[in-house]
Amino acid sequence: MWWDERVSARFRRNLQPTLTYWSVFFSFGLCIAFLGPTLLDLRCQTQSSLSQITWVFFSQQFCLLLGSCLGGVFKRTLSQSLFALFASSLAISLVFAIIPLCHNVVVLAVVMAVAGLAMGCIDTISNMQLVKIYQKDSAIFLQALHFFVGFGALLSPLIADPFLSDTNCILSNSTANASSNLPHIRKSLVPHHPGNLSHYDLPMKGMVVTRVSYAFWIMALINLPVPIAVFFLLYKERMVPCFSSSSHPLLSADELAMETRPAEKEDLSTTVQRPRTAGGHDDLFSCCQSKNFRGASYTYFAVHITGALVLFMTDGIVGEYSGFVYSYAVEEPLSVVHKVAGYLPSLFWGFITLGRLISIPVSYRMKPATMVFINVVGVLITFLLLLIFSSSVVFLFVGTASLGLFLSSTFPSMLAYTEDILQYRGCATTVLVTGAGIGEMVLQLLVGSIIHDQGSYSFLVCGMIFGGLAFTFYALLVFFHRMYPKPSSDLDDASPDKPAVMDDTGQYQR
């Protein structure tokens, strides 16, 4: 097997919680990518203008960011984390079921805000729990976790596609004129961004004839097993109120002997089981409390900030590239036909999913720092080649696939690397998730305004600049890593620089 027996034994013992966290991240992916292709039908359903429906995107992204910040509140005990995941995954199924009933854009925006909060909680809690279970072995499991995001994001547009309107979905006197523009409008709607459709006038009054409701109900049913899986995990851990009177043994004697056996090149002290406190992995507001900063060196803050800035850039690139690559392709000098250009966002997300799948075995053999280096250098080189061959349609497709591969494993690798530097005692997970969410929201708005003012070629220039900044921040992170204090028994136990004694059993702390 491509991983050792120690990791395999830990995975087998934590099989149900690990699979549950992976499935919850599938819900996250399912919910993040459906708005783009269904936007026109949702406009018809709510009889709203483009500027009005854009607030639906904003409400989801803003509340996703807010949910990521607040998600750490529910990590203090395992029961709080699991109940939050149960409520969040169930909320996503309810959101899918309710969307067809939203005939007002304000109501739709509120419903998507609820979905954003649920997605943010899922994002933070699932990452935190996997890091707590596997710690130094978490990289491979984080890669698998983020594969399920890509899988869900790839699946939801495929589910929606058969139910999207091929003709204008609002019948009125101007239907005949508007319907001729619809195929182009449809292909312009890609995940994460509505596109620049202000010059297309769709009728605002008339009878709505859309079948997109079936797509949302199918997604609600597909997602329903996820909260059920979380409930079964709650039941197994005896956290359902009526079954919480007793608890089962954490480990058998043989398992304990296996898990406490010192790994090669690993200090014996890392095998001592010790209850984890709330000193690390707090919510963003708890992380900012002054008591967490006492005795911290400047490198402690620098590692958090530079790690968040790397993901600010790379996750921002994911959002802006998937949102604007279509608009870039159909403009001069490429002038790709609309139907062909419509495959670019799908190609991008497909290779992100493929890259995350490939990264699962690779991450076991390769250090997270090395993987992040390959990712940021690959992104920078890809954008450089896209600029050099900016008139080649073939290379645009090749570059899109390459960019998806290099960006695919950046987040889980950076999370594993930063947590390892901080010895699982900082607020890296919360800070990195927040930084990535802000980057995806801010860079989309920034690139959209720049393209509007400077033309489509600035799309690649912005990507090159963001890639260069990501590499620069990564270099700074490596520099601060070398300066970060090494683990020492002399450090004060309350200090953020004090490394946590590893709970090598990987068991939950209640």
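Here the Cβ of each residue, glycine as well, is placed from N, Cα and C on the backbone.
Unlike curated entries, TrEMBL annotations are predicted automatically.
Feature annotation from TrEMBL assigns transmembrane segment to 21-40, 52-74, 81-99, 105-126, 138-159, 214-235, 298-318, 340-358, 370-389, 395-417, 429-451, 457-480. Annotation comment: TrEMBL describes 489-510 as region 'Disordered'.
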Note = For the transmembrane segment (457-480), the distant same-chain contacts (Cβ-Cβ under 8 Å, at least six residues beyond its ends) come to 299, 302-303, 306-307, 309-310, 313-314, 316-317, 320-321, 324-325, 327-328, 369, 372-373, 376-377, 379-380, 382-384, 386-387, 390, 417-418, 443, 446-447, 450-451
Task = Count the Cβ pairs between the transmembrane segment (81-99) and the transmembrane segment (340-358) that lie under 8 angstroms and are 6 or more residues apart in sequence, then report whether there are at least 3.
result = no
Message = Restricting to CB pairs under 8 Å, which listed stretch, 105-126, 298-318, 429-451, is in contact most with the transmembrane segment (370-389)?
response = 298-318
Ask   = Ranking 21-40, 52-74, 105-126, 298-318, 395-417 by Cβ pairs under 8 Å to the transmembrane segment (138-159), which is first?
value = 21-40
Message = Suppose I define contact as three or more CB-CB distances under 8 A, residues 6 or more apart in sequence; do the transmembrane segment (395-417) and the transmembrane segment (298-318) meet it?
response = yes
Query = Which stretch, 105-126, 298-318, 340-358, 429-451, tops the Cβ pairs under 8 Å count with the transmembrane segment (21-40)?
reply = 105-126
Contact between the transmembrane segment (105-126) and the transmembrane segment (214-235) (at least 3 Cβ pairs under 8 Å, separation 6+) = no
The transmembrane segment (298-318) versus listed stretches 52-74, 214-235, 340-358, 429-451: most Cβ pairs under 8 Å = 429-451
Ask   = What residues in the same chain, six or more past the boundaries of the transmembrane segment (340-358), come closer than 8 Å to it by Cβ-Cβ distance?
value = 33, 36, 143-144, 146-147, 149-151, 153-154, 157, 186-187, 190-191, 318, 321-322, 325-326, 329-330, 396-397, 400-409, 412
Ask   = Which residues, given as numbers and ranges, are at least 6 beyond the ends of the transmembrane segment (429-451) yet have a Cβ under 8 Å from it?
value = 61-62, 64-65, 68-69, 71-72, 120, 123-124, 127-128, 131, 192-193, 196, 281-284, 287, 304-305, 307-309, 311-320, 323-324, 327-328, 411, 414-415, 418-419, 458-459, 462, 466
